[in-house]
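Residues annotated as compositional bias 'Low complexity' in Swiss-Prot: 30-41, 93-102. Swiss-Prot lists 370-381, 495-507 with the feature compositional bias 'Acidic residues'. For 399-494, 508-556, 646-685, the entry in Swiss-Prot reads compositional bias 'Basic and acidic residues'. According to Swiss-Prot, the feature compositional bias 'Polar residues' maps to 618-631. Among the features that Swiss-Prot reports, region 'Disordered' is placed at 1-62, 88-112, 347-573, 605-685. Summarising the annotation, Swiss-Prot assigns region 'SNW' to 194-360.
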Amino acid sequence: MTSLSSLLPKPKNVYSNEEEDPLFQPKPKPQQQKQQQQQQQELNDKPKKVIPTYGNRKGYLPKNIEDFGDGGAFPEIHIVQYPLDMGRKGKSKSSNSNTSNMNGGGTTTSIVPVSVDSTGRVKHEAILGEKGSLHSQYKDLIPKQHTEHELQRPDDDELQETLDRTKNALEKIVNGKIKSSKSTNYVEVEKKSATYIKYTPSNQLGSNNGSALNSKIVRMVDVAQDPLEPPKYKIKKKIMEHGSPPAPVMHSPTRKLSVQDQQDWTIPPCVSNWKNPKGFAISIDKRLVSNGGGLQDVEINDKFAHFTQALYIAESNAREEVSARAELERKLAQKEKERKQDMLRKLAEDVRNERSGIIQQRYTRKDNSDSDNDNDNDSSSDEDKNKRTPPMNRRSRSRSTERIPSRNDNDDDDDRYRIKDNRDNRGRDNIDSRDNRDSRDSRDSRDSRDSRDSRDSRDNRDSRDSRDNRDNRDNRRRDDSNDRDRYSKRRSDSDSDSDSDSSDSEDERVRRERKEKLERDKIRMEKKRELEREYRLEASGKKSKFNRDQDRDISEKIALGQASIKRTEDSIYDQRLFNQSESLTSGFGNDDSYNVYSKPLFGGAVSNSIYRPKSNQEDNTSIQDVLSNSRFGKEGGSGSGGVPRPNKEFSGTDRSKDRTGPVAFEKEKKKSDDPFGFDDFSKKR
């Protein structure tokens, strides 16, 4: 049969502790062997406590260490158990405590004995001790009934005893406080009385002289200690001994750091985003480095680009819509303007047609009357016919020239009418050119007006255009009527002259009328421009130049250089101050006269507004003047004796007669005085 050692592998290392082997321990001495034998004998002779077996431990209370034997606590016994004094707290130092010292256990426990009072009640308050007053009974809650003996005042001895006891207790507390506040080096030593010792030396030298001479009494006194003396002994701090050397760290030799490594390990200084107490100018890159801005990559969301693109598309669409709307409005305005021009042109054409029809009828009547006298005197009839030719416009003139050859077939008449036709055509061409220039000027003025109006706000444009068109239409109609009247008058005057003079006067008249028309248009445009400017200033809340300069103060005018102050030497200096050889005392005036200035300060219209007291207004009015004053009526409306008379008299009064006596009043009669009305009946009769 193989052993266990043969089955196990052979150990690599064998450790042997020779000190624990009993063969290598030193042999004890005989005396020690005897003591050990005696202790072993006592332990063997000591009776061992028998612990009941499991199931038979009813009523068993383990309290000491030996009650547990070699084991632990008994779980079936429901009391507090401390095997081997494990978990026991506190060691009693009082003399009346029960001390258990068994099997080398040095723990002490304080057990309070159970005590009862006179009635047999257990005194549970004994557990708390006797340090203070305890109220554990019902009688402690009831007010105590003091007897007459207890309520008596204490005598002087008791008062003094209580006073001394209280004083000593307070002094003890105060002295303890003072000692704790003193220096630790100072130690108060209690003063002890001197000690007397009788000293007798021993007879070691063998002298047999009188012993009384050798004995002496020694007085022992403590040496006085200086309270301010520094400590004699220096407390040296214990130096820590070096422990075992640190374990060596096996690592490769240090290598030289590169620039990149140094930059990676650089810790930037902290820069606050809220405070800069020293006012340093810190660049933005330093702030980003301190905040760690370069450590993280900035990621921009794609929605920013989408949002920007959407805004751009929306803006382009809005611009296109606005431009289309503006183009549509411009076209509508152009159409409206063309429509108004067509309407005005048609109105002018209708007026011309109407005037030409009236002139044609008048001309035919005159031609019929002239044809009767044509056989008598051809030359005179031609002159009269030229004089009687009424002023006509272009259409009537062209129609008349067409009808003239049909009436007269003579060659002279043809030549005369041909000359007249040429003159009329030339005048018509001049008038057409003038009309074209006038229309071009008016169109330019309208274009300039439209360009100015386009710069105004869109809200006021419609109203302003309508107002301008209405004003222009009225002015144009007025000018056309004036021109037609002037043309008719001048043509009637010019037709009376000779043919050669009429052609020259026609050119001069056209030139003069054109010049006057241009001047009128210029004045009209200037007035219109001034009105528009004032309108814009009023709409914007600004004042016009006239109102602004009129409302300025004199100080503002002086500051702006607009005040035209005319200064003269007479107004600045007094003339009496010049050409005098002495001071003011010679020739300036008397002391009682008030002629300091050469002329009054205010003159003209300003002097009329200055208050001047009347010369006769002195405080010398008499009682008669006050009584004669008309207080209730007009001046001079007083009665006889200077008594004032009011404007409106009371009813039932008559001031035609003067009063000679005092005022007599009639007593008002009551109905009780005449109950039957006899007085009224007598008055009626």
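Cβ coordinates come from backbone N, Cα and C, glycine included.
With DSSP states grouped into helix (H, G, I), strand (E, B) and coil, the compositional bias 'Low complexity' (30-41) comes out at 12 helix, 0 strand, 0 coil. Summarised as a single figure, the pLDDT of the region 'SNW' (194-360) averages 84. Counting residues of the compositional bias 'Basic and acidic residues' (508-556) by DSSP class, helix then strand then coil, yields 42 helix, 0 strand, 7 coil.
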